Every structure is written in structure tokens, then in C-alpha cells.
């Protein structure tokens, strides 16, 4: 890559220099003008001149990341011993090491003949040196001695999300529902920072479960920025590039045309979120032919809410909130829409998942399957309704045939949203009474009536409280317009 266009900050604070801590919500104010002089060099063979691969800012000064010698990193990893090996892939190997100050680090040694070349090495150093957020992995430094290319990260003790979802040994406890929602919300915040805070926006392009690393308390951080691209600026709607990424996670429009947008990342996020919910791999060749692709398996199930409970990860053993499952699947389905324009922006996904993550579930509470919860229109989840109300007010959607097909549902949602945002109404008719009340079939009719009224009163109080939460969120955010419709949540 011969030229790296202007890369500025959407935040006010200036990033700390060196390999120190990262400041949430801020990014560097500097602009990067050049990372190399010859595109063919950066993509081709390795240059022995170290200076040719040191990223520099607009003033020609090396960027803030610490520069290590190969000797220092060899000592940190005990000369790259096998017992320090954390993992390996097409890019090379990752080792655990300890710096002279005792700090634990992860050292990624790039394979000189591997998939990640000099261009990807430079991009990753640049991105992680200039972007600072609590949900992005911290780059401590790098090494460009001779033909050696190494990256030094903070050590993430719990490994990757993939390690906790797939091929789990019998003696390992699977992730519970609360932790899964927490990881999803945190990863979405990292993606939101790249899309909305970085200026120009950054498209991650390789969002997958193996690139989400977990720290103490299962705190998620995005890693591996070698494929990241600067997003479109000005009047441009997309950037065109050769198709890169991982099969099973790539958005269909990007895979077919090479046209990349932030919505391409949203699709990839939907795949990972579906992995969290179902426990299935994005691509699993051990499954029957029709179930090998996770998204292809899930699409028909999205249209039948009665099948939603069967989509939950069997390792959860039923320990999840039924309503939370419906809401989570609605968010995943919206992210996975085939048309990029109809997917939500990641900021909207963050709002929805922050709500889901705040609704902690007691794993000792048995799952209650409501008869009407899976089949009646009243069982529509609130997260889906929240996205739908923004879509219904879109001028493009109001002119679409799908709007006419929805019929009375449209006016119902408009009335519900109006009452929700104004804080008026009983709460039950604000689209938030998704859990139907089943009266007691035992005892006298009067007794059954009292039980139903008491239960409905409790539901109303809960609905009003949650309506206020959604109302405040929607007022604080400018909801984007989306074109098209989402049939699976309208059925």
C-alpha cells in the first residue's frame, strides 16, 4: 500500500503515546500520510530495509507504537518455544511472552510466506496505533528487523470467543446466556467505534468469532486488523476492493461485487451473534448438507417463531429467558438481511444489545414456554418492534408494497410508538405486552379472574418501565432510515 489517506479522530482527547493504556472513545488527532513508497513492494517480497516498513505520521515521525528488536521478542517468548505457542493460522503463529518489565504479551510472528504480508502488517500497526477504545485490542508494539515481522499485543487470558463456543471439552463450562449477551454488546461497541467515531470510518472486514479476544470477566476486544479498510467518504456510498475475509462471514453483496460498506460488517456481526445464540459454527462441514452454512440454516427458521426455542444452543440446557431469545434472534435476523440497505446501523444494534445485556437472567429460573408467546401477533418482541417503527417511518418503506401488505400492523405500530415515546398509555397496548397471561384453570372463576388481573398488573408495570428505557434510547439517537422490509418479524 503506497498511500494511506488522511486518518483523523472523531474524539477530542489525544491518545496516549507509547504502549500504555487506551482511552475509551478517543483516537489520535494526527493524520497519516504515507506508510510506504511502493505498492508492489508492500504486497510482494519482504524488504530487508527496516525503515521502509516503519509507519510514519504526516510529519515523517514514527508512530507511537513501541519498536522491539527481534532479540527482545525472542527472549520474551523463550526463543519461540513450543510450550509458549498459543495458536497458529494462515498468517503465522502467536506466542505468549513476558517483557522485561514482567508484562504478559501475545506475540504474533508473521509467516514470511503466509497470508498476511507487508501491507496487512502495516495496516494493522497503523490501525491499532491510531485507534483507541476499550473494545479494541491494545497494540503494545511491533518488530520489523530485517525480514522479521512481529506484532506485540496485550495478553488476553481467556483466548478467543471461538474457543468458548465450538468444540468445547466436556470438563469446560459453556458460556451462560448473560455472558453471551455481554460479549455481543461489547463487540458491537468496538465495531460502532470503528464505524461512527473514527474519521473517516473504518470497515473491519474480518469480523468473526476467532478475532474476538476475551479478557478478565469475558471482556471482549476486536483483534487482527490486517484486512481493515477506510470506509467511503464524501458522496461515495462504498469502497471497491478485492474480496477478502472468511467464508461464512462475508456479506453477500461484498462477496459478489467487491463493494464494501459498513453494512458489510453488520452482516458479519449478525453471523457471530447467531453463533453466540445457537452455538453453531458459521460453516460446519460435519453437519447435514442443508445445515452446513449457519445463515442458510437459520433463514427459514426466522420465519416461524415456534421454532425459535430450538435454535438456542443445546449447551444452554434451557437456561435462557424465552423473551430474550426472541429479541436476540430478531436482532440477528435484521443484521443478516440480504439487502445491505435494510440492515440496521451498528449504533442501533448497540442500543438493542445493551438493553439485552442489562436484562440479567437467573440461570436457576426454569424456562416458561407460553402457549401464545410463540404463535400470536401479540408475542412480537420489543426489540423487533423498535427496529420496525424506525423502518415504518422511512419514506422509502412507506412507498413500498410491503407496507401495504402489512396492513393494520402499520397503524398499530405507529400508535404504539407514539404512546411509548410520549410516556402515556397503559403500557399494555404500547406494544410491550409480549408475554401473554394465562389464567389459572383451577378454582373458582372469581379466583381465576383475580389471578389474571394481578398478573396483568405486574406485566403492565414491567412494560411501562421497559417502554421508558426504549423511549429514552430512541430520543437520544437519530434513527436512520432503512429501505425495504423484514418479513420474518412481521409474520
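Cβ coordinates come from backbone N, Cα and C, glycine included.
Positions annotated as compositional bias 'Basic and acidic residues' by Swiss-Prot: 13-54 (among others).
In this model, the domain 'Protein kinase' (80-356) carries an average pLDDT of 91. What Swiss-Prot lists as domain 'Protein kinase' is 80-356, and the listing cites sequence analysis.
According to DSSP, residue 206 (active site, proton acceptor) sits in a coil region rather than a helix or strand. Taking the Cβ of residue 206 (active site, proton acceptor) as reference, residues of its chain lying under 8 Å away and at least six apart in sequence are, in sequence order, 224, 226, 227, 228, 244, 245, 246, 249, 268. If you look up Swiss-Prot, you'll see 206 marked as active site, proton acceptor.
The phosphoserine annotation in Swiss-Prot covers 240, and the record cites experimental evidence as its basis.
The phosphothreonine feature in Swiss-Prot is assigned to 241 (among others); the stated evidence is experimental evidence. Annotation note: residue 241 (phosphothreonine) sits in a coil segment as assigned by DSSP. Non-local neighbourhood of residue 241 (phosphothreonine): 229, 258, 260, each in the same chain, at least six residues away, with C-beta under 8 Å from its C-beta.
Under the heading phosphothreonine, Swiss-Prot lists 246 (among others).
Residues or ranges marked as compositional bias 'Polar residues' by Swiss-Prot: 361-378.
Annotation source Swiss-Prot lists compositional bias 'Basic and acidic residues' at 402-417 (among others).
Swiss-Prot lists 418-429 with the feature compositional bias 'Low complexity'.
Look at Swiss-Prot and you will find 451-465 (among others) tagged as compositional bias 'Basic and acidic residues'.
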Fill in the blank from the handout: Excluding its own, the Cβ atoms lying within 10 Å of the Cβ of residue 246 (phosphothreonine) add up to 18
